[in-house]
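Novice: I'd like to ask you about the structure that follows.
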Amino acid sequence: MAASVPWACCAVLAAAAAAVYTQKHSPQEAPHVQYERLGTDVTLPCGTASWDAAVTWRVNGTDLAPDLLNGSQLILRSLELGHSGLYACFHRDSWHLRHQVLLHVGLPPREPVLSCRSNTYPKGFYCSWHLSAPTYIPNTFNVTVLHGSKMMVCEKDPALKNRCHIRYMHLFSTIKYKVSISVSNALGHNTTAITFDEFTIVKPDPPENVVARPVPSNPRRLEVTWQTPSTWPDPESFPLKFFLRYRPLILDQWQHVELSNGTAHTITDAYAGKEYIIQVAAKDNEIGTWSDWSVAAHATPWTEEPRHLTTEAQAPETTTSTTSSLAPPPTTKICDPGELSSGGGPSIPFLTSVPVTLVLAAAAATANNLLI
């Protein structure tokens, strides 16, 4: 009987050692996820530890000051976004992990902003939404679309997460559509809804490939061309009209032209030599609203190139001689000095080029002197 006592003690010690080993090497529990509102105070308990337990707190691996503790509890006041992180409390002596909290600081959602538009009429329309202020934590959106009392499918956009598409089931319907959206997160929820007629949300995309060119030999004209938006599915059955605006860069005031058809227009009142900016908008002929303005095109009206004229005064001098380098005109006769001094009369100053009429007048004067 006495020999059985040591065996009993060994069994107890082995069980205790196994319990300690299991506690130290067992997988750590996942941290508790907690959401708190920005600007509030929060108290984080150290799991099941008693209030007076000796513990140490860390956030993201950095020790926290002891004056933040109330017993074993961590007190965080006036929460800021920077308070978000992984908080852990440890037994002060053994550094055994007692508890972990993954804290997220954020805000409940405000009323979402919702809008719907048909840029592919008559195929369908899309709705998009966003929050007017960030929440800093994950949000979940839920959209419902009603056509009268009939629920319609809103297909998620593959590229834009805050957009979905609805196909028109009954074209030219007079029944209103109602679109509602709700948003929720860990701190709250909010909703909004809009009701509209089919034709009121028709708004094409802006015209594409707007090009402006000068018109040769016309200093006040610009030729503007553009294309119907590629997203407009049937321009033959549902034609668009266009609105063109233009101005010189030196002025702030726009000039406007509305065009019922066609994808070209010639501006006839441009300022010569001034650069212009031109934009075009589109709208269904009957319903809806105008598109946004297109990408701006720039152009300057045609200007005549300056002519480079060379005059005798502008021609560079190539000699210091007083003799002209230009050929004499057809009425000019080149005379010999000896011809003018023959007959004993007074000598006429030497000229390299004397008109025939002057020569005849001089000869007559000489003959008259001889007769006297």
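Each position is counted from 1, following the chain as shown.
Just so you know, glycine gets a Cβ as well, placed from its N, Cα and C.
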Novice: Scan 140-144, 195-199, 290-294 against Swiss-Prot and say which stretch is down as motif 'WSXWS motif'.
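Specialist: In Swiss-Prot, the motif 'WSXWS motif' feature sits at 290-294.
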Novice: Of the candidates Cys9, Cys89, Cys116, which does Swiss-Prot name as forming a disulfide with Cys46?
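Specialist: Partner cysteine, according to Swiss-Prot: Cys89.
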Novice: Is it possible to list how many residues within the domain 'Fibronectin type-III 1' (108-205) are helical, extended or coil according to DSSP?
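Specialist: Looking at the domain 'Fibronectin type-III 1' (108-205) with DSSP, the answer is 4 helix, 50 strand, 44 coil.
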Novice: Looking at the recorded positions Cys46, Asn70, Asn142, Asn190, Asn261, which has the shortest Cα distance to Asn60 (N-linked glycosylation site)?
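Specialist: For Asn60 (N-linked glycosylation site), the spatially nearest of the recorded positions is Cys46.
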Novice: Does anything in the same chain, at least 6 positions from Asn190 (N-linked glycosylation site), have a Cβ under 8 Å from its Cβ, and if so what?
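Specialist: Spatial neighbours, sequence-distant, of Asn190 (N-linked glycosylation site): Pro108, Pro109, Arg110, Glu111, Pro112, Ser182, Val183, Ser184.
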Novice: Summarise the domain 'Fibronectin type-III 2' (206-306) as counts of helix, strand and coil residues per DSSP.
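Specialist: Once the DSSP states are binned, the domain 'Fibronectin type-III 2' (206-306) shows 0 helix, 48 strand, 53 coil.
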Novice: Of the residues in the domain 'Ig-like C2-type' (27-104), how many are helix, strand and coil by DSSP?
Specialist: 6 helix, 37 strand, 35 coil
